[in-house]
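Feature annotations, courtesy of Swiss-Prot:
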type     : residues : note
TOPO_DOM : 90-644   : topological domain 'Extracellular'
DOMAIN   : 90-197   : domain 'Cadherin 1'
CARBOHYD : Asn120   : N-linked glycosylation site
DOMAIN   : 198-309  : domain 'Cadherin 2'
CARBOHYD : Asn346   : N-linked glycosylation site
DOMAIN   : 424-528  : domain 'Cadherin 4'
CARBOHYD : Asn495   : N-linked glycosylation site
CARBOHYD : Asn579   : N-linked glycosylation site
TRANSMEM : 645-665  : transmembrane segment
MOD_RES  : Ser826   : phosphoserine
MOD_RES  : Ser830   : phosphoserine
MOD_RES  : Ser835   : phosphoserine
Amino acid sequence: KFIGRVNLKECFKSATLIHSSDPDFQILEDGSVYTTHAILLSSEKSSFTILLSNTETQEEKEILVLLEHQTKVLKKRHSQEKVLRRAKRRWAPIPCSVPENSLGPFPLFLQQIQSDTAQNYTIYYSISGPGVDKEPRNLFYVERDTGNLFCTASIDRETYPLFELVAFATTPDGYTPEYPLTLVIRIEDENDNAPIFTETSYSFEVFENSKVGTTVGQVCATDQDEPDTLHTRLKYSIIEQFPALPTLFSMHPTTGVITTSSSKLDRELIDKYQLKIKVQDMDGQYFGLQTTAICIINIEDVNDNLPTFTRSSYVASVEENRIDVEILRVAVRDKDLINTANWRANYTILKGNEDGNFKIVTDSQTNEGVLCVVKPLNYEEKQQVTLEIGVVNEAPYTGTSRSTTNMATVTVNVQNQDEGPECDPRVQTVRIKENVPVGTKTIGYKAYDPETGSSSGIRYKKSSDPEGWVDVDKNSGVITILKRLDREARSGVYNISIIASDKDGRTCNGVLGIVLEDVNDNGPVIPQRTVVICKTVMSSAEIVAVDPDEPIHGPPFDFSLEGVSDSEVLRMWRLTKVNDTAARLSYLNDLRFGKYTVPVRVTDRLGQSLVTQLVVILCDCVTPNDCSFRPVSRTGNREVILGKWAILAILLGIALLFCILFTLVCGATTGADKKPKVFPDDLAQQNLIVSNTEAPGDDKVYSTNDFTTHAVGGSAHGIGGTLGSRVKNGGQETIEMVKGGHQTMESCQETGHDHTLERCKEGGQHTLDSCRGGPVATDNCKYTYSEWYTYTQPRLGEKVQQCDQDNTHMQAQDYVLTYNYEGRGSAAGSVGCCSERQEEDGLEFLDHLGPKFRTLAETCMKR
């Protein structure tokens with residue numbers, strides 16, 4: 001039955017083979033889909049695949065066809081509709097098959113195709129497709145009148161497993177009463193192909209001593225007959241093993257996996273086995289076809305054999321004092337594979353090489369052990385050395401032997417050699433007191449002949465004598481003092497180099513260390529010859545003495561002033577002992593600044609003393625590093641010396657004078673224009689005293705207001721000083737009012753903030769501005785010139801007086817000191833923002849106050 005049509009050309013234009021994955025459906029070349037017989041559509045039959053392939057390019061494509069069950073809806077018959085008629089069934093011959101390699105006779109009848117329309121028409125039958133008009137051509141034909149289908153030759157299934165032909169039924173005049181019919185001819189398989197191994201010869205490796213069941217390898221064979229039939233069901237087996245005994249391998253009949261059947265594989269006995277294997281189809285039955293192949297199994301080596309010495313003992317000889325010389329080669333036997341880690345030997349010296357005179361290495365070419373001398377031997381000390389050497393492989397031992405190291409004994413005979421003198425020990429010492437008289441003789445360096453053990457016949461000479469202090473006797477090695485020996489000059493030890501030689505000219509080198517014993521030949525001295533005493537901050541200085549002699553001739557020291565009892569030194573200075581090596585020098589009277597020479601005698605514990613002329617500088621400074629020495633005249637002529645603080649005081653005085661003159665000039669020009677004060681000049685200093693406030697007042701910061709009095713200008717040019725205020729909180733300048741009836745200007749200090757009073761003109765008035773250009777919170781109280789002069793004059797005078805005092809005290813008094821707590825005081829009143837405002841502008845609101853505030857305003861007005 002015709003189902004539908006698929007457009008195959010859109011998918012694959014060059015398809016040479018078209019067939020369906022489901023035998024219930026047939027596909028024609030034009031894409032028509034037919035059912036081969038009546039089927040019941042179920043969920044399993046909901047889809048099938050059309051397979052398209054090109055046999056030349058081996059290109060394949062698939063088209064998925066989905067089938068939907070459609071129920072026909074019957075309409076109500078109308079009079080004008082035609083009467084429904086039963087459709088006849090399509091012609092559909094049963095599928096047929098042809099045995100592979102059929103012997104005929106040919107042509108061989110297959111089946112008859114016949115159309116039901118032959119009852120009404122004269123039908124001619126024809127076929128087309130592969131095997132008819134396509135390669136392979138002329139394998140099939142059909143009789144035109146009867147529809148009998150014939151095969152003309154035998155067919156190989158492995159080449160053409162099936163043929164899809166299209167049958168046509170037509171009338172003589174060309175009318176086609178039937179749809180084309182797809183006819184599938186299957187080729188029945190015959191067991192005509194023997195299985196073939198993928199390789200003609202296989203090669204595998206397995207380690208010796210492997211356990212039973214160890215996998216060696218797997219073989220594989222293929223069969224071109226029809227899959228999933230008895231013709232392609234294969235069985236594997238081992239036909240023969242060489243060497244035949246013992247049987248060591250087995251093969252799985254289905255998978256072809258070869259495994260070990262014994263653990264007695266020994267590479268040292270047999271390193272390769274050859275197996276003849278067979279594969280047979282028909283599930284291994286005797287009539288099945290079979291093929292054989294060769295499998296070679298190589299036995300891999302493991303370190304199951306220990307290396308063994310060819311001899312158990314060896315004898316070698318070597319001359320004394322020889323180094324880096326080969327004295328013996330030892331060989332080993334090893335059955336493992338040559339030139340592998342299982343065969344290569346590692347030699348070690350197990351015993352007898354405690355002094356490190358020997359080493360043994362492996363010759364990589366011969367695997368022999370090479371014994372060498374790396375440190376000279378001494379015949380006089382040892383004439384024979386017995387060594388015990390061992391050998392192992394590079395790879396770990398995997399055998400069953402308990403001992404893993406093979407050992408041998410080597411006897412090394414040391415041969416005597418005529419040697420030169422021996423300097424032993426190389427460094428020798430002799431102790432001599434320093435300052436011994438020139439010409440003193442003492443023992444010197446000694447070398448000896450190792451053959452005789454004596455120093456007879458050995459000659460000595462110096463090779464190095466840095467100071468030329470000694471001479472060496474060439475026959476005995478005795479040293480003679482040529483110059484005065486000074487222990488302090490050579491740090492207690494003086495080294496000279498000696499060359500000792502015998503009559504044959506053989507030499508040895510040695511060092512003679514002369515240890516100089518100390519004598520008390522040095523008095524203690526004071527290294528620091530100049531002492532600075534800052535008179536303003538200290539009254540003494542500490543001096544320290546040192547003694548280059550050894551401690552036994554050193555401290556404790558005794559310090560004293562050199563001079564008679566009534567000398568000027570004793571009247572001016574005093575020494576006080578601090579510890580064993582230091583004393584404190586202090587002046588007694590109020591000495592002038594200047595430089596003094598004080599002789600100080602220091603005596604060590606044994607009475608050796610030395611006088612040091614100590615230069616003491618009395619300086620006007622804070623630290624000794626700040627001192628710049630100024631000479632002092634000891635006669636009646638005195639010079640006036642100005643310090644830096646005195647110069648600063650002079651400059652400040654000049655600046656103060658300039659400020660006073662500037663203030664007077666400004667006051668004279670602006671006094672006539674001053675407006676009357678709004679508030680009275682009462683005892684409260686123009687502040688409203690509020691007594692009924694129980695809470696703290698508000699902290700307010702206001703914009704810059706005109707300071708109605710005359711301000712002091714900034715620093716005078718050319719003087720180098722500034723008169724200003726320092727910022728304490730947030731960089732703001734404040735003028736605080738004291739409630740006790742005095743108005744003060746307070747200057748505050750905070751690191752890094754300096755401001756100056758600058759003269760500005762604004763509306764004809766002089767104001768106090770911050771040098772930083774920011775707002776300045778000021779008290780707008782009006783000061784008169786007399787009040788300002790009363791306030792500034794005593795303070796400036798006090799600062800000028802303090803400039804010549806000590807720098808430390810001056811710095812402490814030059815700033816407002818901040819205290820954490822000053823005790824509990826009386827309850828403070830609240831001063832609001834309006835009580836501090838002194839502008840004469842913006843007070844018109846007082847004229848419009850209510851009745852409650854008029855009395856208060858009249859009270860505050862200055863009459």
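Here the Cβ of each residue, glycine as well, is placed from N, Cα and C on the backbone.
Mapped onto this structure are the features recorded in Swiss-Prot.
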{"residue": "Asn120", "record": "N-linked glycosylation site", "DSSP (3 states)": "coil"}
{"residue": "Asn346", "record": "N-linked glycosylation site", "DSSP (3 states)": "strand"}
{"residue": "Asn495", "record": "N-linked glycosylation site", "DSSP (3 states)": "strand"}
{"residue": "Asn579", "record": "N-linked glycosylation site", "DSSP (3 states)": "coil"}
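Note: Asn346 (N-linked glycosylation site) has non-local neighbours Thr362, Val391, Val392, Asn393, Glu394, i.e. same-chain residues 6+ apart with C-beta under 8 A of its own C-beta. When the glycosylation sites Asn120, Asn495, Asn579 are scored by other C-beta atoms within 10 Å, Asn495 scores highest. Geometry remark: Asn579 (N-linked glycosylation site) versus Asn495 (N-linked glycosylation site), CA distance 37 Å. For the pair Asn495 (N-linked glycosylation site) and Asn120 (N-linked glycosylation site), the Cα-Cα distance reads 144 Å.
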